[in-house]
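Listed features, source TrEMBL:
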type	residues	note
DOMAIN	44-130	domain 'Ras-associating'
DOMAIN	172-280	domain 'PH'
DOMAIN	374-470	domain 'SH2'
Amino acid sequence: NRRKKKDDSILEVPSIPNPFPELCCSPFASVLSASLLPKATSRKKQVIKVYSEDDTSRALEVPSDITARDVCQLLILKNRYIDDHSWTLFEQLTHTGLGRAIEDHELVMEVQSNWVMEEETKLYFRKNYAKYEFFKNPLNFFPDHMISFPSETNAALSHSGILQMFLSSSTYPEIHGYLHAKEQGKKSWKKLYFLLRRSGLYFSTKGTSKEPRHLQFFCEFSNSDMYMSLTGKKISGAPTNYGFCFKPNKSGGTRDLKQLCADDEQSRTCWMTAIRLLKYGMQLYQNYMQPYHGRSGCSPLNLTPMRSISENSLVAMDFSGHRSRIIENPTEALSVAVEEGLAWRRRGCLRLNSHGSPIAMSNMGMSIHRSQSWFHHKISREEAQRLILQHGLVDGVFLVRDSQSNPKTFVLSLSHGLKIKHFQIVPLEDDGKLFYTLDDGHTRFTDLIQLVEFYQLNKGVLPCKLKHYCARIAL
């Protein structure tokens with residue numbers, strides 16, 4: 001009876017009217033109430049510092065889950081660069097002379113969390129034209145003598161067949177060959193026969209034997225990153241300049257490095273490319289096919305898309321007559337292009353002549369190349385090779401520099417066939433006029449800009465056309 005009286009008293013209390021009934025009856029009540037509350041998992045922001053080739057730097061406040069591709073996109077937008085999908089974020093260990101291109105999908109904060117306090121590590125923003133080149137020309141990256149396919153696979157694979165095997169989860173080609181390995185805790189190097197399989201990297205204890213009892217495990221890649229040696233023999237004392245190594249995540253320093261060295265650039269490129277494909281697989285292909293996903297607030301959706309122009313879509317036209325026509329003869333198209341370029345050059349010189357004296361024009365012609373992005377003033381041969389290597393050993397990557405052996409001449413440094421070649425540009429005086437030539441005077445140019453523009457259109461005496469220049473950008 002007492003409990004019943006208590007319940008009756010509770011029921012007699014008048015209910016308080018709800019001033020916001022729509023929050024209770026609306027089907028969107030849960031959504032609205034959740035939106036009014038602060039997010040429990042808000043993205044934290046941190047500051048990172050990124051360097052460029054000329055040692056200028058820029059501090060960026062970025063979310064904690066930002067990827068390397070997002071950082072590149074942010075710098076592209078802030079500096080108004082053209083996004084040709086070759087911009088890359090590099091991790092460089094200054095004291096050890098090691099560096100690597102951070103994959104587009106990697107989280108920058110995770111990369112920085114693996115840094116050791118004793119090491120001076122920096123992030124660099126530069127171009128890497130060879131980042132996904134193996135998807136375009138896989139046959140150039142995997143020579144026949146270094147790759148073996150499963151017995152049931154046809155040896156003569158097509159362009160797409162090799163890629164499918166590398167990206168397949170069931171089959172994987174075997175990479176094999178000799179490498180120099182540095183013994184743990186010693187300064188000596190030993191040449192061993194290595195094999196790369198899906199389970200990891202092995203070396204043979206008995207010549208080139210592939211029997212399981214002769215194979216010894218060397219390294220696996222899930223908990224380590226692969227770096228390229230940027231200093232060659234200087235720091236590590238390697239037998240060649242084509243070194244690379246594996247650094248465990250959160251390692252104690254150089255003592256934990258597993259260092260290897262190849263005999264040539266083709267061998268090193270093959271090993272490093274195959275290991276990248278083994279470690280990341282389809283993720284690399286997705287990065288290549290969809291270069292930007294826009295996950296960190298710097299999405300380019302509000303920007304006007306940049307038109308992509310392919311060389312195959314360009315058509316040579318002749319506008320000299322009453323009607324325009326398509327030039328179908330490739331020889332005629334080439335001669336018309338060269339003549340049009342020379343005419344444009346003459347018109348430009350006439351415009352400059354109208355505002356300056358002949359002496360001023362002569363001095364301008366001598367130094368006009370200094371303002372070009374592809375010209376590097378007073379750098380050594382070794383530094384030129386390092387710059388080209390960092391930009392990727394793709395056919396056509398080049399720069400022009402002063403010659404150190406002959407102060408009056410210049411040098412064109414060019415990448416071709418995974419090698420860096422150097423061609424001397426010689427000044428030539430004829431009838432009181434100064435010209436520049438690469439072929440002993442058979443083809444002459446009034447300045448270096450005209451020379452570079454010509455070889456961007458024509459191969460001439462060079463092994464390939466000039467395609468991508470190495471530039472020291474400023475942030």
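Each residue, glycine too, has its Cβ placed from N, Cα and C.
Note that this is a predicted model, so its numbers are computed, not measured.
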Structural state census, the domain 'Ras-associating' (44-130) (DSSP three-state): 18 helix, 34 strand, 35 coil
Please list, for the domain 'PH' (172-280), how many residues fall into helix, strand and coil according to DSSP. 26 helix, 46 strand, 37 coil
For the domain 'SH2' (374-470), the DSSP helix/strand/coil residue counts are 21 helix, 35 strand, 41 coil
